[in-house]
Amino acid sequence: MGLLDGNPANETSLVLLLFADFSSMLGCMAVLIGFWRLKLLRNHVTKVIACFCATSFCKDFPSTILTLTNTAVNGGFPCYLYAIVITYGSFACWLWTLCLAISIYMLIVKREPEPERFEKYYYLLCWGLPLISTIVMLAKNTVQFVGNWCWIGVSFTGYRFGLFYGPFLFIWAISAVLVGLTSRYTYVVIHNGVSDNKEKHLTYQFKLINYIIVFLVCWVFAVVNRIVNGLNMFPPALNILHTYLSVSHGFWASVTFIYNNPLMWRYFGAKILTVFTFFGYFTDVQKKLEKNKNNNNPSPYSSSRGTSGKTMGGHPTGDDVQCSSDMEQCSLERHPNMVNNQQNLNNNYGLQQNYNDEGSSSSSLSSSDEEKQTVEMQNIQISTSTNGQGNN
């Protein structure tokens, strides 16, 4: 059987499948190259994102080869391999998305000083747990060719949801709760007067939740389609949405990661526009991006008002937590007695600490006794960049 069988619906689905696979691989590769080239981006959160992209790429590459060679249609080892790649790879990507939500929550809300200590558990969870579903799928002999790929057969609806879509809904629900708690925390901080740039904080809030929105949108049609398939209905439009969006999750997640990080889109913007400068186009824009590609957004610490330790209605005030308008920066100011216990923390993974005396603070203390005291603060930056020194 050839790659195209003459059925318009199947051919459309196949073309979208290949397009989604290739775009997903390119997107993930771009993010990995960005993390490799830009040392400023090397922190705990970006390590989690890199693991997601690496997992997605390793899922999409063999899937693309199997689709192009059309060997899975005859069953046997290629068909089983295709089913393994889909089940294990997709499950692992979901879990890395959950770990990203956990990391951001721990850094912003819980102010975890050493988030990298959880990484070994992330590896075990994300690359170990999917083995269970994969082994059960193979042991129960549920694998069949189901259209454009091999997976759990149509007659095994219970296994489809028990081994795959049930865990997806559970993982997404936990991720959504963590993102909601993080967004609520930053919302309270912002509305307690944390910044003079409140009009930009809508963008900040969006960057905190957009990756989980992408996660849901890319897989919700797959869930709906499998429910409909369980009712012995196979609408072509729903199948096409399922095929493209679920397979292209890596691409849209990569677009989100690049959008959330000014360093990365400046870097790629400068590289892309270099081609056009040979023809005299976008010269000024390219020079501006090239000049600023290693510039992070200004640290919120630069507009610090000092520490007060006050709370408002049980919530942190603007003096306790300061968030910039971009997701990649959020500084949390702590009291001296909290900072003294953490002066030896490792700064390599997005934990940048600045201990300044009163003379370098942006706010001055009124009484002479207060002027003699040292105000110590800690800046913690989260997400996809650090505001430190580094080389391209």
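The backbone N, Cα and C atoms fix where each Cβ goes, glycine too.
Per Swiss-Prot, compositional bias 'Polar residues' is recorded for 298-310 (among others).
Under the heading compositional bias 'Low complexity', Swiss-Prot lists 340-367.
Per Swiss-Prot, compositional bias 'Polar residues' is recorded for 375-392 (among others).
Annotation source Swiss-Prot lists phosphoserine at Ser299 (among others).
The phosphoserine annotation in Swiss-Prot covers Ser302 (among others) and rests on experimental evidence.
Annotation comment: Swiss-Prot describes Ser303 (among others) as phosphoserine.
Marked as phosphoserine by Swiss-Prot on the basis of experimental evidence: Ser304 (among others).
Residues annotated as phosphoserine in Swiss-Prot, with sequence analysis given as evidence: Ser308 (among others).
Among the features that Swiss-Prot reports, phosphoserine is placed at Ser360 (among others), with the record citing sequence analysis.
Positions annotated as phosphoserine by Swiss-Prot: Ser361 (among others).
Among the features that Swiss-Prot reports, phosphoserine is placed at Ser362 (among others), with the record citing sequence analysis.
The feature phosphoserine is assigned by Swiss-Prot to Ser363 (among others).
The phosphoserine annotation in Swiss-Prot covers Ser364 (among others) and rests on sequence analysis.
Under the heading phosphoserine, Swiss-Prot lists Ser367 (among others), citing sequence analysis as support.
Taken from Swiss-Prot, the feature phosphoserine applies to Ser368 (among others), supported by sequence analysis.
Sequence annotations record features per position, and here Swiss-Prot assigns topological domain 'Extracellular' to 1-13 (among others).
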Q | Sequence-remote partners of the topological domain 'Extracellular' (140-162) [C-beta within less than 8 Å, at least six residues beyond its ends] | A | 10, 13-14, 17, 63, 66-67, 72-73, 75, 78-80, 82-83, 86-87, 226, 229-230, 239, 243
(Q) Out of 14-33, 48-68, 84-109, 206-224, what stretch is closest in contact terms to the transmembrane segment (236-260), meaning most Cβ pairs under 8 angstroms? (A) 14-33
Q: For the transmembrane segment (163-181), name the stretch out of 48-68, 84-109, 206-224 with the most CB-CB pairs under 8 Å.
A: 84-109
Q: Please give the sequence-distant neighbours of the topological domain 'Extracellular' (225-235): residues at least 6 beyond its ends with Cβ less than 8 Å from one of its Cβ atoms.
A: 154, 157, 160-161, 165, 241-242
**Q.** Segment-level pLDDT (mean, integer) for the topological domain 'Cytoplasmic' (34-47)
**A.** 87
Q: Please list, for the topological domain 'Cytoplasmic' (34-47), how many residues fall into helix, strand and coil according to DSSP.
A: 11 helix, 0 strand, 3 coil
